[in-house]
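**Q** Here it is, the structure, as structure tokens.
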Amino acid sequence: MTETFAFQAEINQLMSLIINTFYSNKEIFLRELISNASDACDKIRYQSLTDPSVLGESPRLCIRVVPDKENKTLTVEDNGIGMTKADLVNNLGTIARSGTKAFMEALEAGGDMSMIGQFGVGFYSAYLVADRVTVTSKNNSDESYVWESSACGTFTITSTPESDMKRGTRITLHLKEDQMEYLEPRRLKELIKKHSEFIGYDIELMVEKTTEKEVTDEDEEDTKKADEDEEPKVEEVREGDEGEKKKTKKVKEVTKEYEVQNKHKPLWTRDPKDVTKEEYAAFYKAISNDWEDPRATKHFSVEGQLEFRSIMFVPKRAPFDMFEPNKKRNNIKLYVRRVFIMDNCEDLCPDWLGFVKGVVDSEDLPLNISRENLQQNKILKVIRKNIVKKCLEMFDEVAENKEDYKQFYEQFGKNIKLGIHQDTANRKKLMEFVRFYSSESGEEMTTLKDYVTRMKAGQKSIYYITGDSKKKLESSPFIEQAKRRGLEVLFMTEPIDEYVMQQVKDFEDKKFACLTKEGVHFEESEEEKQQREEEKAACEKLCKTMKEVLGDKVEKVIVSECLSTSPCILVTSEFGWSAHMEQIMRNQALRDSSMAQYMMSKKTMELNPRHPIIKELRRRVDADENDKAVKDLVFLLFDTSLLTSGFQLEDPTGYAERINRMIKLGLSLDEEEEVVAAEATVAETAPAEVTAGTSSMEQVD
């Protein structure tokens with residue numbers, strides 16, 4: 001008997017909206033139907049925990065997808081709990097779900113159709129690709145029924161007691177003419193892998209398998225039999241007939257069979273103690289497309305008011321485009337109750353952890369989670385906080401093996417430093433993970449904690465210097481005094497170090513002191529302090545004269561506390577850019593010129609009063625401050641200091657000319673005579689060229 005029902009008004013409106021709206025991402029229908037099938041299997045499984053008999057003759061729960069090209073149908077079938085007649089009427093037509101209206105409002109407001117299942121009305125996504133849907137369902141407490149509708153305002157329900165269905169639901173989609181791609185096994189495999197790979201039940205796809213089979217050539221046999229009938233019967237038992245072999249041929253045989261598509265089971269639902277290293281490696285490769293095993297793994301679950309499970313992996317190598325600004329990040333896959341939601345959830349993980357790969361499966365996130373409301377979702381913020389915490393624990397575990405951490409840091413050290421720059425809450429912890437070369441560490445890198453343990457008695461600051469390379473910094477004039485006093489200096493050789501040190505002021509109550517900036521002081525004895533004051537007084541006139549010569553090129557000229565063997569250096573203000581930072585910013589294509597002008601403050605020139613050059617210069621100034629040679633020497637010292645301090649020469653040509661003059665003086669050459677000689681040569685050769693040219697012209701004539 002068939003009964004006809006009218007759709008509830010809102011359901012009718014929803015179906016009309018789905019059918020008449022052009023929507024490109026129609027593939028989500030399969031995800032929704034498989035998700036519903038999984039829920040149905042969950043329900044019967046829960047019942048079987050208290051009453052195993054409910055599983056009856058089909059204890060193995062699974063989901064089947066059957067494409068039928070001949071009839072242009074696609075069927076999604078499960079042996080879950082099934083639906084009674086009342087369920088079919090209520091769930092698929094007359095009683096609007098609470099999410100129906102909310103989904104339509106979201107859709108009309110520009111929301112994504114892929115959110116349909118997240119409002120509890122995912123079944124209706126079938127009408128994105130089908131113009132007619134048939135649902136056959138059987139519940140243990142009722143006979144089987146068939147629900148059918150073409151989305152024309154009504155649906156029918158027919159009793160089918162003769163059906164062979166034992167239990168479950170079979171949804172058959174009669175596909176639209178332009179949706180035949182969903183009958184192709186390749187396309188179906190792609191969608192199942194993308195959206196439903198970690199559903200807890202086997203998803204079996206009906207596929208065609210072609211095999212070659214060797215069979216007797218019937219045509220040859222028939223011909224042979226006819227020939228034998230014509231021959232005399234006495235020859236039927238000739239020798240050799242017994243050994244004659246039948247001719248065979250190979251034919252292709254097409255069979256249909258079910259093939260499990262989701263072989264990678266959701267490892268995160270298992271106890272970490274029961275998962276092997278090989279299983280983690282296989283799972284990592286499946287979700288990341290990496291060919292190498294992960295360097296580190298963190299499998300954890302959070303329970304209580306919030307419940308989610310996760311597995312995080314650290315790859316062995318950093319991707320070549322890790323810091324590309326427009327790169328689409330799809331490292332953390334978000335699942336809600338094992339249903340895939342999205343793979344580029346940027347709010348699930350901070351930028352600096354962009355190299356970590358893994359999955360998060362939440363039991364509490366609402367299924368109506370969308371990109372628009374992710375940022376405001378409190379549950380997601382808690383998940384993010386826990387992910388960061390567990391990643392830090394994972395890095396701690398890697399750091400237990402020195403060689404492993406060295407390789408990890410080579411690949412992801414920049415990410416750790418980016419975290420220090422961005423993540424205020426975890427900055428203190430992240431500082432424990434950074435490594436630097438130092439004046440005492442040789443070819444090995446040192447931690448800040450180890451540096452602090454090696455600090456001299458009375459040392460109050462952590463001394464560091466920034467630059468292009470370790471080799472350059474080892475011979476930098478800025479570290480001379482520190483080395484003379486036996487103080488260790490950290491070498492920061494990456495551009496990101498400049499940004500890190502703008503955010504970090506101390507470590508374990510020890511202030512950071514940049515040796516390339518003014519205001520650096522070393523612990524001095526009373527005798528050293530007295531000597532310093534005497535040197536300042538002795539160089540006062542020299543400092544004043546040099547400032548007058550250099551003018552606006554420097555802020556001031558003072559006696560240095562950092563130099564030991566070099567004559568002079570240039571330092572920047574405490575809050576301005578260092579020479580290395582200035583170089584970095586000069587290379588920025590889109591730099592802010594006004595900001596650069598402000599931060600590239602005037603430099604301070606520091607003199608080493610004990611250096612022979614400075615002593616002789618001071619003597620000359622004291623004797624005659626108007627000495628012409630002094631001006632040239634001061635500019636030459638300034639330009640040389642620019643180079644040794646890591647700055648860019650403001651006037652390379654002028655510097656070269658001054659160097660050339662110094663060379664000529666050293667060689668006792670007379671510059672004027674050389675120029676005259678050159679001019680004389682030109683004067684002598686010019687007429688000869690003209691004469692030669694004239695004679696050749698005459699020859700042509």
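Keep in mind that glycine also has a Cβ here, set from the backbone N, Cα and C atoms.
Pulled these features from Swiss-Prot for this protein:
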type: BINDING; residues: ASN36, ASP78, PHE123, ARG371; note: ATP binding site
type: COMPBIAS; residues: 228-242; note: compositional bias 'Acidic residues'
type: REGION; residues: 210-250; note: region 'Disordered'
type: MOTIF; residues: 697-701; note: motif 'TPR repeat-binding'
**Q** Mind looking up the mean pLDDT for the motif 'TPR repeat-binding' (697-701) in the predicted model?
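**A** Average per-residue pLDDT within the motif 'TPR repeat-binding' (697-701): 44.
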**Q** Under DSSP, is ASP78 (ATP binding site) helix, strand or coil?
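**A** Where ASP78 (ATP binding site) sits, the three-state DSSP reduction gives strand.
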**Q** Same chain only, sequence gap of 6 or more: which residues have a CB within under 8 Å of the CB of ASP78 (ATP binding site)?
**A** ALA37, SER38, ALA40, CYS41, LEU61, CYS62, ILE63, ARG64, GLY168, THR169, TYR201
**Q** Counting across all protein chains present, how many other Cβ atoms fall within 10 Å of the Cβ of ASN36 (ATP binding site)?
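**A** Result for ASN36 (ATP binding site): 21 other Cβ atoms within 10 Å.
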